[in-house]
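Participant: Below you will find the structure I want to go over with you.
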Amino acid sequence: MAPLVPSSQPWVEKYRPRQVKDVAHQEEVVRVLTTTLQTADLPHMLFYGPPGTGKTTTALAIAYQLYGPELYKSRVLELNASDDRGINVVRTKIKDFAAVAVGSARKGGYPCPPYKIIILDEADSMTEDAQNALRRTMETYSKVTRFFFICNYISRIIEPLASRCAKFRFKPLSEEVMSNRILHICNEEGLSLDAQALATLSTISNGDLRRAITYLQSAARLFGSSISSTDLISVSGAIPEDVVKSLLASCKSGEFDVANKEVNNIIADGYPVSQLISQFLDVIVNADDIPDEQKARICKKLGEADKCLVDGADEYLQLLDVASETIRALFDMPQTLVF
């Protein structure tokens, strides 16, 4: 099947819910926010939970329902805190926008309340100094500006900020919810996706609906309307399951040379070792033939190797270390001594 003609619009945006009530699998959040929207009197808000569960979508839907398309750009400031997270941004861009007062005239049937909204995406990556500076800005301009903080880890938001917000937890999306949404997009775009491919997409996206939709669009552009599990794995960067199982099998052989050869093959094929470690962890944890004590030793080494990779260590040496420790754990050999 020939690839589909590329669309200029990402499907993540094309199929993003425009109203709060359309956000999937967040019934409690939707119920509370729908009631709050009827009065248009919103507090500062803090949305937290795993990626791809609808946090940003909900914030944008609230803003759109309050102001409509005409006033949206002048009343809403969106900032990705991963890029704009320093104290200077708080002192200039955010403060300047927050300080401007606005009217409350209804326009086009939208409530248009007398305040603006600042949406800070990935707020948990803001520096502590920037968050402290933001606290003062929130207090000073609370009558004319509302802040929406969006983060994955609420523990990284300082308590003085978190205590000033209404907190909403976004639950991880179930496989059924993700599958229903993906099948809806497939029907709209004329795609054919069998049950195995659908299960694969759910697995490689790890409950992140945004990531799943992106993988689906990438596969459609490259492989056409009929998409297989192999197609999805190739566009996602996930490592084929047989590669991960081959590494474990080489470790189970008890032969270091066999494991070393498998490690060399993995490095030569260019697979990212950090991704391999993540998938290897899943295989180890779910293995029925490995005792818990041995699993614990292997998982400890996987965590250490992952940390070393983040710090810039050599991929080959780290993967070889993982393989050798896995052999020692599987055959109850003594652990290596660290001096």
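Cβ coordinates are placed from backbone N, Cα and C, and glycine is handled just like the others.
Checked Swiss-Prot, it gives:
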type	residues	note
BINDING	Y48, G49, P50, P51, G52, T53, G54, K55	ATP binding site
Participant: Hey, for the ATP site built from Y48, G49, P50, P51, G52, T53, G54, K55, who else sits with CB inside 8 A of the CB center?
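Facilitator: Those within range, site residues removed, are F47, N152, F170, P172.
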Participant: Ten-angstrom check, please: count other Cβ atoms within 10 Å of the Cβ of P51 (ATP binding site), all chains counted.
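Facilitator: The Cβ of P51 (ATP binding site) has 17 Cβ neighbours within 10 Å.
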Participant: Tally every other Cβ atom lying within 10 Å of the Cβ atom of G54 (ATP binding site).
Facilitator: 25
Participant: Which one is it: of the binding-site residues G49, P50, G52, which Cβ has the fewest other Cβ atoms within 10 Å in this structure?
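Facilitator: Fewest other Cβ atoms within 10 Å, among the binding-site residues G49, P50, G52, is found for P50.
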Participant: May I ask you to report the DSSP-based helix, strand or coil state of Y48 (ATP binding site)?
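Facilitator: Assignment for Y48 (ATP binding site) reads strand.
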Participant: Once near-sequence residues are set aside, which residues in the chain of T53 (ATP binding site), 6 or more away, have Cβ atoms under 8 Å from its Cβ?
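Facilitator: Long-range Cβ contacts: H25, Q26, F170, K171, P172, L173, G207, D208, L209.
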Participant: Among the binding-site residues Y48, K55, which residue has its Cβ surrounded by the fewest other Cβ atoms within 10 Å?
Facilitator: Y48
